[in-house]
Amino acid sequence: EEAIFLRKKITLLRAFSLLIGSMVGSGIFISPKGVLKNSGSVGFSLVVWFSCGLLSMFGALCYAELGTRITKSGGHYIYILETLGPLPSFLFLWAEFFAIRPANSAVVSLAFGRYMLEPFFAPCAAPVPAVKLVSLLGYYTVLTLNSWSVTWSARLQTALSVVKLLALALIIVPGMMLLAQGHTEHFQDAFDRQSLVLDKLPLAFYAGMFAYSGWFQTSFVREELVKPERNIPLAVIVSVITVIVGYMLTNVSYYTVLGTQDVLASPAVAVSFVQRAFKSLISVVPVLVALSCFGTMNGGIFTFSRTLFVASREGQWPPLFSMIHIRRHTPLPAVMLMFPLVTAMVCIGDIYHLLNFFSFSRWLFIGLATLGLIVHRHRHPELHSPFEVPLFVPVSFTIICLFTVAMSFYSDPVNISIGCTMVLSGFPVYYLIIHRQMSDRCLSFLFSTLPDYLTHKLQLLLEVVQQEIKTY
């Protein structure tokens, strides 16, 4: 009875909540250890945190301009496709599906499981199998909600954004109180150059940028935003500034209470902080942190399903994933596709190895997307975006991203080589399947008859159809 398409249900408040809910997640509660370990000292780690925030602001401003220039959803994928062409966009899609997104979701899920169980097993560490089981249960819950309703997913994101800010406040306030009382002993020799190892700095930036990652989330749902030309830049600027201030104060609080050795030895920094500074909240803060991770999982599923949806619509992914449920108006096949890979990575993965593994690919393609903004400006000087940033912003952001990616080969050659191999493995897939350069007789059944038959059967099973109204 109704037209089948994705409705514009994301208001300015929901866009702000999506950004806050995606940025403030597991990162600020697990990344301080990775940043400190690879930067070497308290002072340099705080510099890295601020630099990552500034870099995130540059990237967010670039994406805000791209979001006003290119009216399709899809985030990195659609920006690379529209500016640099189909091959790099498919390589991103390939790496995003098989490496970046499942590894990122696994990291957040594992952090969720760890913080949920930490109060029950303290002072001992929670058993690894139990952590992984709870992690998967949390992920499947969010997956089900996103399959059920766009409105309820957005409402949950708004509610959890408030929880995230409350969790940060419960860390910041006692830390600032102790700092005001003169507890500055952990800031002595804050910039100890002897502990600084330059070739490890890219890994420190990866850990810090992981905590800020999420500033690009509105670009994935551009077609579902109300007044995107106004709301994208506004939501981006306000949310990133809020997170930078919150993260800097949170890290100062961590170091006011915990020494460097305590941070490095802690599997869950926020729990160690509460055990030392605010014992009356020992069972509350870990739950708030877990809920923060839950919100990040929700935002990740909400946005990445739109990438698969758009890629399918553009002809670079199977057509089933551009279909929408006839009653729920959710991209059901695209939402459900990720759970096998995420399940596998949660079962076999470790947080910090996964972090380095997916960061290489993510920042390579983000750098290419902002390079695409420069190319788009050069090719279409006649197009005037309602929101434009100075040219030095995308230029500097692109250079820093690509330089960090190149330097990371020296810092963690094994994990980075795996990530690079994953990206390069998309080349033969692109030329053999997307271009179909092999004989049509050899592939006609595999690439035409069989997929059409399976698509039809799955379409009936899932009750999904193609979008009926163009929304861009």
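Positions of Cβ are set from backbone N, Cα and C atoms, glycine also.
Listed in TrEMBL for this protein:
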{"type": "TRANSMEM", "residues": "12-30", "note": "transmembrane segment"}
{"type": "TRANSMEM", "residues": "42-64", "note": "transmembrane segment"}
{"type": "TRANSMEM", "residues": "76-100", "note": "transmembrane segment"}
{"type": "TRANSMEM", "residues": "120-142", "note": "transmembrane segment"}
{"type": "TRANSMEM", "residues": "162-183", "note": "transmembrane segment"}
{"type": "TRANSMEM", "residues": "203-221", "note": "transmembrane segment"}
{"type": "TRANSMEM", "residues": "233-257", "note": "transmembrane segment"}
{"type": "TRANSMEM", "residues": "277-297", "note": "transmembrane segment"}
{"type": "TRANSMEM", "residues": "332-354", "note": "transmembrane segment"}
{"type": "TRANSMEM", "residues": "360-377", "note": "transmembrane segment"}
{"type": "TRANSMEM", "residues": "389-410", "note": "transmembrane segment"}
{"type": "TRANSMEM", "residues": "416-434", "note": "transmembrane segment"}
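Here the transmembrane segment (203-221) sits against the transmembrane segment (233-257); at least 3 CB pairs are under 8 Å, leaving out pairs fewer than 6 apart in sequence.
Pairs of Cβ atoms less than 8 Å apart link the transmembrane segment (416-434) most often to 389-410, out of 12-30, 42-64, 120-142, 233-257, 389-410. Residues 55, 58-59, 61-62, 64-65, 199, 201-203, 205-206, 356, 359-360, 363-364, 366-367, 370-371, 373-374, 377, 416-417 of the same chain lie 6+ residues outside the transmembrane segment (389-410) yet bring a C-beta within less than 8 angstroms of a C-beta in it.
The transmembrane segment (162-183) and the transmembrane segment (233-257) are in contact, since at least 3 Cβ pairs between them lie under 8 Å (pairs 6 or more apart in sequence). When each of 12-30, 120-142, 233-257 is checked for Cβ pairs under 8 Å to the transmembrane segment (42-64), 233-257 comes out on top. Below 8 angstroms of C-beta separation, residues 12, 15-16, 18-20, 23-24, 28, 32, 42, 45-46, 49-50, 53-54, 56-57, 60-61, 63-64, 68, 165, 168, 171-172, 174-176, 178-179, 183-184, 186-187, 211-212, 215, 218, 263, 269, 273, 276-277, 387 of the same chain, each at least six residues beyond the ends of the transmembrane segment (233-257), sit close to that stretch.
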